[in-house]
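K.L.:
What follows is a single structure, and I will ask about it in a moment.
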Amino acid sequence: MPTTLMLLPCMLLLLLTAAAVAVGGTRLPLEVFEITPTTSTADKHKSLQYTVVYDAKDISGAAAATGVASSTVKPATEQLTVVSISSTAAAEKDLAESRRHARQMLQKQQQHRSIIGGKHGDRDVRILYQVGDSEEDLPVCAPNAVCSKIDLYETPWIERQCRCPESNRMPNNVIIHHHSHSSGSVDSLKYRNYYEREKMMQHKRMLLGEFQDKKFESLHMKKLMQKLGAVYEDDLDHLDQSPDYNDALPYAEVQDNEFPRGSAHMRHSGHRGSKEPATTFIGGCPSSLGVEDGHTIADKTRHYKMCQPVHKLPVCTHFRDYTWTLTTAAELNVTEQIVHCRCPRNSVTYLTKREPIGNGSPGYRYLFACSPLTRLRCQRKQPCKLFTVRKRQEFLDEVNINSLCQCPKGHRCPSHHTQSGVIAGESFLEDNIQTYSGYCMAND
């Protein structure tokens, strides 16, 4: 007995240590858990046979059990209560008045939210940090790194990955040429002349010494500013017409899909339309929920924001090029996502390879490639979509979606793991992950 009491504190210490390691360990990104029919769960998904939950026998048995239970219970004797008719009418009137007042208050709240929803919608987005709880705790982004990840599955929320360098913290990094303006004050003309002579013509004076060849100076400055990362508005229309141009909405042209359709294309840095709102930044990283800022790569239900404009990235080749790599560092408890190229239109990403970092580091590097959208028709009792759901400590559901096949005509695939036609699958308790299989449902 004394020996057991002496060993009890040691056992408690080991349990606490294991719990601390489990909580404080490196949390892998959910994109790493790509559970598809090509993995070890292929046979389970292929041979999956589900029966009707409420069978006729179960219903009849339940009704019989209910009847037996109800026949054995005797009703309790109730005493008659004399109620005044006038008091009952007054109570009903007060209840109706309170309900009417509650409906009016609810309508006022809804009108207030609809009015201010467009103005302050982005302010209500929850912001999480993969390290610490402020911008100062985040590392500085590497070249072509993802600075923020926006989840649009349910309520939008942002996970900050890193801080953009100071050289990239220019919200409108686009040069607008000074065209001839007929209307303008003398002060503005003086400012333009001073700006051109003291700033734009500085390199010209060093090369030629005189203000003579304006065409040469403009070309020289244009190439110099392009090397610094600026984008000229004259080049935007030319890039828009490229056949390899990515519209960042791969599901917009797919038939019978549940994703929102839209005609928005991936714009470039600072190139905004007349009706598009100004881009907001957090730590130098764009934080708007749309793809019009030119720094966004859309994949499934996530938007990946970058410090650099995405049009500078080359276009990937299906199944051959790695679109991005996820590197986990256990000692720093951070994950770095580096984008190498952008997927073509109507493409999705998938996990293709995992390799150790090397150099004695315990982390891994996950490689992702591009794949065209599946055109295979779903067979009978075959899941059309797989949901991988992880419960986070911030009381959020992080969900990854894998489309397995296309539902036949007249059917739809569930878009949420809580909708009808979705059945719970395998669980991974060590990673706090639950999988769900979605099946085709007939349209109402």
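Glycine is treated like the rest: Cβ placed from N, Cα and C.
Dumping what Swiss-Prot says about this protein:
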type: DISULFID; residues: C141-C162; note: disulfide bond
type: DISULFID; residues: C147-C285; note: disulfide bond
type: DISULFID; residues: C164-C307; note: disulfide bond
type: DISULFID; residues: C316-C341; note: disulfide bond
type: DISULFID; residues: C343-C370; note: disulfide bond
type: DISULFID; residues: C378-C405; note: disulfide bond
type: DISULFID; residues: C384-C413; note: disulfide bond
type: DISULFID; residues: C407-C440; note: disulfide bond
type: CARBOHYD; residues: N333; note: N-linked glycosylation site
type: REPEAT; residues: 285-307; note: repeat 'Two-fingered domain 1 part 2'
type: REPEAT; residues: 378-444; note: repeat 'Two-fingered domain 3'
type: SIGNAL; residues: 1-24; note: signal peptide
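What's the neighbourhood like for these features in this structure?
P.N.:
According to DSSP, C162 (disulfide bond) is assigned to coil rather than to any helix or strand. Neighbour density for C162 (disulfide bond): within 10 A of its CB lie 25 other CB atoms from the protein chains shown.
A strand conformation is recorded for C147 (disulfide bond) in the three-state DSSP classification. Around C147 (disulfide bond), the C-beta neighbours below 8 angstroms that are at least 6 residues distant in the chain are C141, R160, Q161, C162, R163, C164, G283, G284, C285, K305, M306, C307.
Counting every protein chain shown, the number of other Cβ atoms lying within 10 Å of the Cβ of C307 (disulfide bond) is 26.
Sequence-distant neighbours of C341 (disulfide bond): residues of the same chain at least 6 apart with a C-beta under 8 Å from its C-beta are L313, P314, V315, C316, D321, Y322, T323.
Spatially close to C370 (disulfide bond) yet at least six residues away along the chain are C316, T317, H318, F319, D321, T323, C343, P344, S347, V348, T349, judged by Cβ distances under 8 angstroms.
All protein chains considered, the CB of C405 (disulfide bond) has 18 other CB atoms within 10 Å.
In three-state terms derived from DSSP, C413 (disulfide bond) belongs to neither a helical nor a strand segment and is classed as coil.
The local packing around C407 (disulfide bond), expressed as other Cβ atoms within 10 Å of its Cβ over all shown chains, amounts to 23.
The Cβ neighbour count for N333 (N-linked glycosylation site), using a 10 Å radius and every protein chain shown, is 14.
The average pLDDT computed for the repeat 'Two-fingered domain 1 part 2' (285-307) is 92.
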K.L.:
How many whole Å apart are the CA atoms of C440 (disulfide bond) and C413 (disulfide bond)?
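P.N.:
That separation, Cα to Cα, works out to 5 Å.
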K.L.:
For the repeat 'Two-fingered domain 1 part 2' (285-307), what are the DSSP-based totals of helix, strand and coil residues?
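P.N.:
Per-class counts: 0 helix, 11 strand, 12 coil.
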K.L.:
Quick check: in three-state DSSP terms, what is C384 (disulfide bond)?
P.N.:
coil
K.L.:
Taking each of N333, C378, C384, C413 in turn, which of these recorded positions have a Cα lying within 10 angstroms of the Cα of C407 (disulfide bond)?
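P.N.:
Those close enough are C378, C384, C413.
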